Amino acid sequence: MTNMRKSHPLLKIINHSLIDLPAPSNISVWWNFGSLLGVCLGLQILTGLFLAMHYTSDTLTAFSSVTHICRDVNYGWIIRYLHANGASMFFICLFLHVGRGMYYGSYSYLETWNIGVILLFAVMATAFMGYVLPWGQMSFWGATVITNLLSAIPYVGTSLVEWIWGGFSVDKATLTRFFAFHFILPFIITALVIVHLLFLHETGSNNPTGLNSNADKIPFHPYYTIKDILGFIVMFLFLMILVLFSPDMLGDPDNYTPANPLNTPPHIKPEWYFLFAYAILRSIPNKLGGVLALILSILVLVLLPLLHTSAQRSLMFRPISQCLFWILVADLFTLTWIGGQPVEHPFIIIGQLASILYFLIILGLMPLAGILENKIMKI
C-alpha cells in the first residue's frame, strides 16, 4: 500500500513541497530566510487578527482602542508588541532574503524573482498602512506626507490624493479604508507567496556556487526541516528579547501622542525599514523626481537579470563584484541613517552622494565588474 502522503491529492502537494522536495546538498544558512518569512507572515496574520478584534478604525477612538488593547485586554500588550516588532523582524528577513538573491544570482529565475519584487511592494504597502492605524502623531503625519507624494503625478495628482483620502485631508474615511486594506493585503500576500513557491519549485533552488545541483540533491525532510527549525528558534529568541525588554526601541516616541492636525512633529519620518527609500526620496529637490527615485529604488531589482553580464551566476568566485556588493550594503546602512536625520547640512549632501552611489553600483559598476571579471578569467 502506497504511503498516504504520496497518494492523497492534498497531502501530495505538501509532500512535494516540504517533505520529499529534492534540495541542493550545499545550501547555506542564507537559504533559511524564505521559511522565516513564512513564519513571520503567519505570526503577523495571527496577531493582527486578535488585534483587529479589539481595534476600532475611527479617528475618535483608534488611539484609545490601542491603549485599551495594551492595558485591559488579556495579554493584549504582548500581542500588540509582537505585531509591531514582528513587522521589523519581517523586514530584516526580507532584506536579507533579497540580499541573498542578489549575491548568489537567484534573480536568474525570472518568474520567482519578479513575483518576489511584487511581494516586496505589497509588504511595504501593508506595513505603511499598518503604521497609520494607531493614529498617533507620526501615524497621521506619515500618512499625510506619503500619500501627498502622489500629488506629484501630473494632471491627475491632486484628484488622486483626494480620492485616496476620501476627502480633503487625512481623516476618518482614510483611516477606515487603510484598516480594510491592511487587513486584506496579508491574505493577498499569502496567495502571492504560494505562486512564488510554485515558480521556485518549477526550477528548484539555487545554491551558493551558482552551478547546476541536479547531480547532488537530498530530501528536504529531515535535513532542511531541522535547519529551518533552528532558524525559527533563533529568530523567536531575538523577537522575544525585543518584545519583552525594549518593545518601543524601534518605534517613534511621537506615536504615543494622539494625532493632532494642528501640530506638526519636528521630524516626520517613517519606520526604520523605510528610511533608506525615504532618504533617496529626500535627496532629490524636485517632488516628482523624488517620487520616481523612491519607486525606482525598489523597482531597480526587476532590472537585475538584464544587468547580469558575468559568465558566472554567483558572486562566490568574483572578488571585484563582491567588493561592490558590500559597498552597496554599507551604502544602504548610510541611507537608513540619513533617512532618520533632519534635513540640514551635512546630512543633505551625504544623502545625495549615498543615493547616487546606490544607483551607480546597481546600474553601472556591477555590470562593468562582470565584464571585467570575464576578461580577467578569459571566459
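Placed from the backbone N, Cα and C atoms, the Cβ positions cover glycine too.
Copied over from Swiss-Prot, here are the features:
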{"type": "TRANSMEM", "residues": "33-53", "note": "transmembrane segment"}
{"type": "TRANSMEM", "residues": "77-98", "note": "transmembrane segment"}
{"type": "BINDING", "residues": "His83, His182", "note": "heme b b562 binding site"}
{"type": "BINDING", "residues": "His97, His196", "note": "heme b b566 binding site"}
{"type": "TRANSMEM", "residues": "113-133", "note": "transmembrane segment"}
{"type": "TRANSMEM", "residues": "178-198", "note": "transmembrane segment"}
{"type": "BINDING", "residues": "His201", "note": "ubiquinone binding site"}
{"type": "TRANSMEM", "residues": "226-246", "note": "transmembrane segment"}
{"type": "TRANSMEM", "residues": "288-308", "note": "transmembrane segment"}
{"type": "TRANSMEM", "residues": "320-340", "note": "transmembrane segment"}
{"type": "TRANSMEM", "residues": "347-367", "note": "transmembrane segment"}
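On its own chain, His182 (heme b b562 binding site) has Gly48, Thr126, Met129, Gly130, Leu133 as residues at least 6 apart in sequence with a Cβ closer than 8 Å to its own Cβ.
Around the Cβ of His196 (heme b b566 binding site), the number of neighbouring Cβ atoms within 10 Å comes to 21. With respect to their backbone Cα atoms, His196 (heme b b566 binding site) and His83 (heme b b562 binding site) stand 24 Å from each other. Of all the binding-site residues listed here (His97, His201), it is His201 whose C-beta has the fewest other C-beta atoms within 10 angstroms. Put simply, of 33-53, 113-133, 288-308, 320-340, 347-367, the stretch with the most CB pairs closer than 8 A to the transmembrane segment (178-198) is 113-133. Long-range contacts of the transmembrane segment (347-367) within its own chain (CB-CB distance under 8 A, at least 6 residues past either end) are made by residues 279-280, 282-284, 293, 296-297, 300, 303-304, 307-309, 321, 324-325, 327-328, 331-332, 334-335, 338-339, 341. Most Cβ pairs under 8 A with the transmembrane segment (33-53) among the ranges 113-133, 226-246, 288-308, 320-340 are made by 226-246. Here the C-alpha separation of His201 (ubiquinone binding site) and His83 (heme b b562 binding site) works out to 30 Å. Below 8 angstroms of C-beta separation, residues 98, 102, 105, 107-108, 110, 113-114, 117, 120-121, 124, 149-150, 152-154, 276-278, 280-282, 355, 358-359, 362-363, 366-367, 370 of the same chain, each at least six residues beyond the ends of the transmembrane segment (288-308), sit close to that stretch. A straight line from the CA of His97 (heme b b566 binding site) to the CA of His83 (heme b b562 binding site) spans 20 Å.
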